[in-house]
Amino acid sequence: MPTAMGQKLFPYFTIPFCLMLFLSPLILPLVSSQLNYNFYDYSCPRLSMMVSYGVWSALKNDTRIAASLLRLHFHDCFVNGCDGSVLLDDSKDGSEKNAFPNRKSLRGFEVIDNIKADVERFCPSTVGGPYWRVPLGRRDGTTASEMDANTQLPSPVEPLQNITAKFISKGLDLKDVVVLSGGHTIGFAQCFTFKGRLFDFRGSGKPDPSLDPSSLPNLQSKCPNKDASNSNLAPLDSSADRFDNAYYTNLKSNTGLLESDQALMGDPQTAAMVNFYSTMNQYYFYNDFSASMVKLGNVGVLTGQNGQIRKKCGSVN
């Protein structure tokens, strides 16, 4: 984990929370059915090095990829558990890639595929997974559901109460909502996810009153009020290439980009947590974010004889 506050995001820092389940998160069929921290020490001892190098190489070519992999992980785990179903190109119930929250916005699949190919060369049909103190041994799901992805994933315009209920249904809690929302400290959002706040908030004909007026001109120039701007990008926070606590500082100044992010300041409990993470040494955010990502990565995992060991991440064997 970076030691300098505000340090640029480095590849080894992205691995724990970006590749928790991907890279074919698999186990040998006849070994222990329980997750543990050292699952691949003997079956694939070079795993962490291969994953590290793969993420580092991708990050060198595309600084946005860390945020994209983080989002990819979240969107998999939130839909029927961390089983790699979001990687499937198709299934009898459709592909999660085509669900509205994912279509033309999820990215990073090629990074997973490239690292998986390296892992298969050295450890065929064995593994894929990250390092940091995360129990390993996940197997891949054999189905995906476009409908479930459309209904289970939180929306950037949903009320906080709805989002919290979705988290709780996954075994997460209110603190996880605040902490995992902090993942928006890196990356960008497409204009269609927040443009309603800029011009005609909830049919009022005016911008969202909870959005700091001083931020409007810049956002409106990035996202003009026309359909052609829907896919334009805006940074999720003021330091989109750094994994820091600026996300929470932005919320306190009413410059959170997404409606669902700024809503954290509208509830006394979540606002108190936002204040804490914005004012304390960001080590506390790092520590709690790590813990919440471990919890997220344990949602609905498959072990033992459940699922399968996919040869290719995008298709069932």
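Heads up, the Cβ atoms here are built off N, Cα and C, so glycines get one too.
TrEMBL annotations:
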- 1-33: signal peptide (SIGNAL)
- 34-317: domain 'Plant heme peroxidase family profile' (DOMAIN)
- CYS44-CYS123: disulfide bond (DISULFID)
- ARG71: site 'Transition state stabilizer' (SITE)
- HIS75: active site, proton acceptor (ACT_SITE)
- ASP76, VAL79, GLY81, ASP83, SER85, GLU96: Ca(2+) 1 binding site (BINDING)
- CYS77-CYS82: disulfide bond (DISULFID)
- PRO154: substrate binding site (BINDING)
- HIS184: heme b binding site (BINDING)
- THR185, ASP237, ASP244: Ca(2+) 2 binding site (BINDING)
- CYS191-CYS223: disulfide bond (DISULFID)
- 206-235: region 'Disordered' (REGION)
- 207-217: compositional bias 'Low complexity' (COMPBIAS)
- 218-233: compositional bias 'Polar residues' (COMPBIAS)
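VAL79 (Ca(2+) 1 binding site) and CYS44 (disulfide bond) have their C-alpha atoms 28 Å apart, to the nearest angstrom. Using a 10 Å Cα-Cα cut-off from ASP237 (Ca(2+) 2 binding site), the recorded positions that qualify among CYS44, ASP83, SER85, CYS123, HIS184 are HIS184. Listed in sequence order, the recorded positions from HIS75, SER85, CYS123, CYS191 having a Cα within 10 Å of the Cα of PRO154 (substrate binding site) are HIS75. The recorded positions close to CYS82 (disulfide bond), defined as a CA atom within 10 A of its CA, are HIS75, ASP76 out of CYS44, ARG71, HIS75, ASP76, CYS123, CYS223. Take the CB of ASP76 (Ca(2+) 1 binding site) and look out to 10 A: across all protein chains shown you find 30 other CB atoms. Under DSSP, the residues of the compositional bias 'Polar residues' (218-233) split into helix, strand and coil as follows: 8 helix, 1 strand, 7 coil. Here the candidates are the recorded positions CYS123, HIS184, CYS191, and by Cα distance the one nearest ASP76 (Ca(2+) 1 binding site) turns out to be HIS184.
Using a 10 Å Cβ-Cβ cutoff, CYS191 (disulfide bond) registers 22 neighbours. Over the domain 'Plant heme peroxidase family profile' (34-317) the predicted model carries a mean pLDDT of 87. Each of the recorded positions ARG71, HIS75, HIS184 was assessed for Cβ neighbours inside 10 Å, and the highest tally belongs to HIS184. Of the binding-site residues GLU96, ASP244, GLU96 has the largest number of other Cβ atoms within 10 Å of its own Cβ. The Cβ of THR185 (Ca(2+) 2 binding site) has LEU236, ASP237, SER239, ALA240, ARG242, PHE243, ASP244, ASN245, ALA246, TYR247 as same-chain neighbours under 8 Å, each 6 or more residues away in sequence. With DSSP classes pooled into helix, strand and coil, the tally for the compositional bias 'Low complexity' (207-217) is 5 helix, 0 strand, 6 coil. The most densely surrounded of the disulfide-bonded residues CYS77, CYS123 is CYS77 (count of other Cβ atoms within 10 A of its Cβ).
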